[in-house]
Structure formats: structure tokens, C-alpha cells
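Notes follow the structure.
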Ligand SMILES: [Ca+2]
Ligand SMILES: [Ca+2]
């Protein structure tokens, strides 16, 4: 049974350091466990999630309203667009993080949902960048790639410099082609946030 830990209990600990003015350098940002204490707060609100608390025998959906439950994870597909750094911050403010897609099943499920709701606008930020070191792609928790879905047709990731010498250091999921593209981090896209399900009982 999963327990809700105080934020910062695992990982690097310490305070989050977000120096937006320092530019797009992931080194200035310390990964920490998502602020899970934010999540149970949804039960203070009248929602289907809270009804589950009253009926412990019922198998509950354990994601906040508006989040999709896939396996033991919750995913949020935004309709608004932000640049990558602001997208990362927005997911954290919601108690999660930009999506980390380690397994084939995760990628397929998220891509399928993104395609379903994305319609004509099918690019979403995921929590993948090579901001720290060119070509060293890391998820936002600093883990390395286990499965890669780079778009082969366009020879991604190509760090294309048409947008400037800084190249392309942040990754989007193109739900139509079911592949990833590296694009400039200051572009704006919709985003996919993720958090682990909350064990209610
Ligand atoms: Ca790059
Ligand atoms: Ca590219």
C-alpha cells in the first residue's frame, strides 16, 4: 500500500530552485517528488472521487477530476499552450510532473488518448529534454531513455538550428505520427502531466 510522503522525502530533497531568469538550463532545476499533499485536497470538494471514501468496498478511481486513469498513473491533457519550462512548472503546481513514458504500454496509451482529444492539434510536450547536455536526453526525474519513439522519417532528434543556435532541446509527442520530435523549448504546445494514483484506502 502506497503511503503519501512529505514532498522532498525522496529524491534529492531540498528546496526547489527554479531560476527562470537563468534561462533554459535544467541544471538550475532540482527534481523532487511531486507535491502529493496537494492531491488529497480534491476530496474536500464534492466530486465522484470523494464518494469513494464513503463506500470503501467500492473500487475507486483515484485520479483528480479531469485526469485520465491509465494503469496506476493519472494523466492530464491540457487544452492551453505554454513553453516547455512553464509547462513543467504548471504540472508541478498541479501536484504532478510532465509525463515520463518509460514503457511501451504507457506511450501507446497516452498517444492514443492524445490523438483522440487532440484532433487537429496533436503536439504535446512530454517531460523529456537534453537541456543539460546536448544529445543526452533525460526525463524530468533525470532518468535516461529506455524506449525511444523518435520520428525516423524526419531523422529526429535533429537539434535543428533554424530557430536559433540553441537548437532543439525539448521533446513533443506527435500523437498523429505516434512519434517524438525535438523542438525549441520556447515554442508553445499543449502538455501532458502525470502523477501516480492516490491510494484512498
Ligand atoms: Ca538538443
Ligand atoms: Ca527536431
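From the backbone N, Cα and C atoms, a Cβ is placed for every residue, glycine too.
According to TrEMBL, the features are:
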type   : residues : note
DOMAIN : 70-194   : domain 'C-type lectin'
REGION : 1-29     : region 'Disordered'
DSSP residue counts for the domain 'C-type lectin' (70-194), split into helix, strand and coil: 25 helix, 36 strand, 64 coil
Give, as a single whole number between 0 and 100, the mean pLDDT over the domain 'C-type lectin' (70-194). 94
